[in-house]
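S.K.: This is the structure I want to talk about, given as structure tokens.
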Amino acid sequence: MIEFSHVSKLFGAQKAVNDLNLNFQEGSFSVLIGTSGSGKSTTLKMINRLVEHDSGEIRFAGEEIRSLPVLELRRRMGYAIQSIGLFPHWSVAQNIATVPQLQKWSRARIDDRIDELMALLGLESNLRERYPHQLSGGQQQRVGVARALAADPQVLLMDEPFGALDPVTRGALQQEMTRIHRLLGRTIVLVTHDIDEALRLAEHLVLMDHGEVVQQGNPLTMLTRPANDFVRQFFGRSELGVRLLSLRSVADYVRREERADGEALAEEMTLRDALSLFVARGCEVLPVVNMQGQPCGTLHFQDLLVEA
């Protein structure tokens, strides 16, 4: 879907990206992570030509991106950023409709798409005519993601999209993005500096340093088979057990024949999130519900200790 072949980028005399070779598979959720100044945001911005590469080739769906008109390329890619960038004097509906209007969609088609995306992102219909300043930070970011998805792009690019949000809202939106990716099957490339966010979201994880890829692969491989000491130290030896819990879901450890009382865990939660709730509630067993909110079993604290 998106292929970097020997790509480099300089800002003045400084090489921000050096001889980069990467392949983002169609339908994958890829996450770029690394040290400050590692080149991860530059790499993302080269995909939709917000930053032009100096050498090498970047191919999108088999075509070198420089052979495509910039507007055509960007209309095939949604883009969501930390600052959100909503138009302050436009309503939620108008913001979501930005790209479909540019593409001359019919009014009826646009209205249907707004309704569809607001439902998908968990935005209540009564927010449709509100303005950005009337929304919470989490709601604003959901509108930003809805706008990025509005024209049904082939690729969704996300640059630190949840960085300014509080931890609770951030966690909820991470869970939403996992669900949306599962439902839509879109190719997503996301940049973050947050290790836990990267581990929670990524199918394909790319660790960068000084403009180069240090290691890439699935998160489990990165944690358990680090390529060198830099990778090992970046992910943290002392936190390895807890971070491994981030890669497992409650659904994989549910005892489905059992039932219990109390506030339930969602089966799509990570074991790391479940561990926090066990500690907060001081109990040994918690009930579990499925995505429809129906009881589906229990999770035992002891099972988490075995996994960690």
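Heads up, residue numbers simply count up from 1 along the chain you see.
Backbone N, Cα and C atoms are what each Cβ position is placed from, and that goes for glycine too.
Below, the features straight out of Swiss-Prot:
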- 2-235: domain 'ABC transporter' (DOMAIN)
- Gly34, Thr35, Ser36, Gly37, Ser38, Gly39, Lys40, Ser41: ATP binding site (BINDING)
S.K.: Per 10 Å Cβ neighbour count, which of the binding-site residues Thr35, Ser41 ranks highest?
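M.R.: Within the set of binding-site residues, the most crowded position is Ser41.
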S.K.: Let me check the 10 A CB neighbour count of Gly39 (ATP binding site). How many other CB atoms are there?
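M.R.: Excluding its own Cβ, Gly39 (ATP binding site) sees 24 Cβ atoms within 10 Å.
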S.K.: May I ask you to report the DSSP-based helix, strand or coil state of Gly34 (ATP binding site)?
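M.R.: Looking at the DSSP assignment, Gly34 (ATP binding site) belongs to a strand.
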S.K.: Across all the protein chains here, work out how many other Cβ atoms are within 10 Å of the Cβ of Gly37 (ATP binding site).
M.R.: 14
S.K.: Counting across all protein chains present, how many other Cβ atoms fall within 10 Å of the Cβ of Gly34 (ATP binding site)?
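M.R.: Taking all protein chains shown, Gly34 (ATP binding site) has 24 Cβ neighbours within 10 Å.
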S.K.: Could you tell me which of these binding-site residues, Ser36, Ser38, Lys40, has the fewest other Cβ atoms within 10 Å of its Cβ?
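M.R.: Counting other Cβ atoms within 10 Å of each of the binding-site residues Ser36, Ser38, Lys40 gives the minimum at Ser36.
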S.K.: By the DSSP assignment reduced to helix, strand and coil, which category contains Gly39 (ATP binding site)?
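M.R.: Once the DSSP labels are grouped into three classes, Gly39 (ATP binding site) ends up as coil.
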S.K.: Pop the mean pLDDT for the domain 'ABC transporter' (2-235) in here, whole number is fine.
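M.R.: Mean per-residue confidence for the domain 'ABC transporter' (2-235): 93 out of 100.
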